[in-house]
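Copied over from Swiss-Prot:
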{"type": "SIGNAL", "residues": "1-22", "note": "signal peptide"}
{"type": "DISULFID", "residues": "25-43", "note": "disulfide bond"}
{"type": "DISULFID", "residues": "36-60", "note": "disulfide bond"}
{"type": "DISULFID", "residues": "64-75", "note": "disulfide bond"}
{"type": "DISULFID", "residues": "76-81", "note": "disulfide bond"}
């Protein structure tokens, strides 16, 4: 019985703990974040070049797009770095 209980505790711990395999990215308002889906291993934020201090959008992405004359993309790969 003790072995079964110990096994259950270990399984619940593994399921509940984030073991570092997922990335967390800020949403539009930075205190709020979401866990990225599998394959989305970058966080990003988009700025309008005319107003570089105000991010337009934030989230998870798989490949960082190239910036243009109007929009600047900033990508990173650590938790809540955007």
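Including glycine, each Cβ sits where the backbone N, Cα and C put it.
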If you count other C-beta atoms within 10 angstroms, which of the disulfide-bonded residues 36, 43, 76, 81 is the most crowded? 43
Express the distance between the Cα positions of residue 64 (disulfide bond) and residue 43 (disulfide bond) as a whole number of Å. 9
Residues satisfying Cβ distance under 8 Å from residue 25 (disulfide bond), sequence separation of at least 6: 33, 34, 36, 43, 44, 58, 59, 60, 79, 80, 81, 82
For the disulfide-bonded residues listed here (60, 64), which one has the lowest count of neighbouring CB atoms within 10 Å of its own CB? 64
What residues, ordered by sequence, lie under 8 A Cβ-to-Cβ from residue 75 (disulfide bond) and sit at least six positions away in the same chain? 42, 43, 44, 61, 64, 82
